[in-house]
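Chemist: Residues or ranges marked as repeat 'TPR 1' by Swiss-Prot: 17-50. The repeat 'TPR 2' annotation in Swiss-Prot covers 84-117. Per Swiss-Prot, repeat 'TPR 3' is recorded for 119-151. Per Swiss-Prot, the feature repeat 'TPR 4' maps to 152-185. For 186-219, the entry in Swiss-Prot reads repeat 'TPR 5'. As annotated by Swiss-Prot, repeat 'TPR 6' applies to 221-254. The repeat 'TPR 7' annotation in Swiss-Prot covers 255-288. Under the heading repeat 'TPR 8', Swiss-Prot lists 289-318.
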Amino acid sequence: MEIKNKKLKETSDVLLSLTYLIKSYEYRDRGNLLESLYYLDKALELNPDFKFAKFLKAISLAILGDINKSIECLEDITSNSNDPVAYALLGQLYELLGNFDNALECYEKSLGIEEKFATAFFLKVLCLGLSGKYDELLKCCDRLISFAPNFIPAYIIKANMLRKLGRYEEALACVNKVLELKENDTNAIYLKALILNRIGNCDEALKYYEKLIDELNVTWIEVIREAIYLSFLFNKLDKAEKYIEMGLKLRPDDASLWYFKGKLYEKQNKFEEALKYYNKAIQLMPHHTKALLAKARVLEKLGRIEESIECYNKALDR
């Protein structure tokens, strides 16, 4: 009789813990994570080995910002489980705390359980980048691409790393693969423009910057700056003016853009106007060497020699 009652109690506890789990999910669905956590704890009081409840608790704690307690839950789960998702999530939490070695160990364990777990591969790639382990990152990208050949972020990360390492032709091959998969991928087009500019193919680089701005409506300030610089290089002053004004609407406090505006007027021999904008650039950034040199040059053209010499000296002191 006692054994029967014990079994009935165990069954009752399991059913009640499931009820609490459902209740927890209902509150979670409404966005009430604290109440959801309360019912998860109730479920775990009745059934301490209820791994799914522990997993949901770990996720809720992480969302609420209690990373350490979330880690405790996941460590408890992974201590006697081969759940690749739990290891991947645990790795993410270690990464948030800056513990990259532990994070990488968790990703390895996750991939040891399921070697084609693309999410774990991607998280590992990101962690390797933050850890400065670039050769391993490239190898990991290749493995990820072998399992998920259409996964664009892997190509983008690989291309960017190859670019940083000076392996430009390989980087271009990765970028071109992305553009085969997604013709107007802005990250890939931006990387292609950067690489083309770096290897001296400036006219082609400008075409890609123009595509980003004029066709794809990209308003990244770095893209605009590069487009302005190359527009000047090829004496496309109308384009340069258009991009300068676009940039200043976004960042009126950007000294480089005011310098470019001064340069535009100097190229048109409007020296007083050029001087005004060079002064604006220097006001925003007193040590802007290019603006100081440009101002000195314009003052010299205007016959204001003493001021010009003073400005040259300021520039040379930097």
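Placed from the backbone N, Cα and C atoms, the Cβ positions cover glycine too.
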Chemist: Which whole number is the mean pLDDT over the repeat 'TPR 5' (186-219)?
Modeler: 97
Chemist: When secondary structure is assigned with DSSP, how many helix, strand and coil residues does the repeat 'TPR 4' (152-185) contain?
Modeler: 27 helix, 0 strand, 7 coil
Chemist: Using a Cβ cut-off of under 8 Å, list the residues of the same chain at least 6 residues beyond the repeat 'TPR 4' (152-185) that approach it.
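Modeler: Distant Cβ neighbours of the repeat 'TPR 4' (152-185) are 122, 125-126, 129, 134, 137-138, 141-142, 144-145, 191-192, 194-196, 198-199, 215-216.
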Chemist: State the residues, same chain only, that lie 6 or more residues beyond the ends of the repeat 'TPR 1' (17-50) and have a CB under 8 A from a CB inside it; answer 'none' if no residue qualifies.
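Modeler: Result: 56-57, 60-61, 63-64.
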Chemist: Same chain, outside the repeat 'TPR 5' (186-219) by at least 6, Cβ under 8 Å from its Cβ: which residues?
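Modeler: Here the qualifying positions are 152, 155-156, 159-160, 163, 168, 171-172, 175-176, 178-179, 226-227, 230-231, 233-234, 236, 239, 243, 246, 250.
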Chemist: Kindly report the helix/strand/coil residue split of the repeat 'TPR 6' (221-254) according to DSSP, in that order.
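Modeler: Helix, strand and coil residues of the repeat 'TPR 6' (221-254) number 27 helix, 0 strand, 7 coil.
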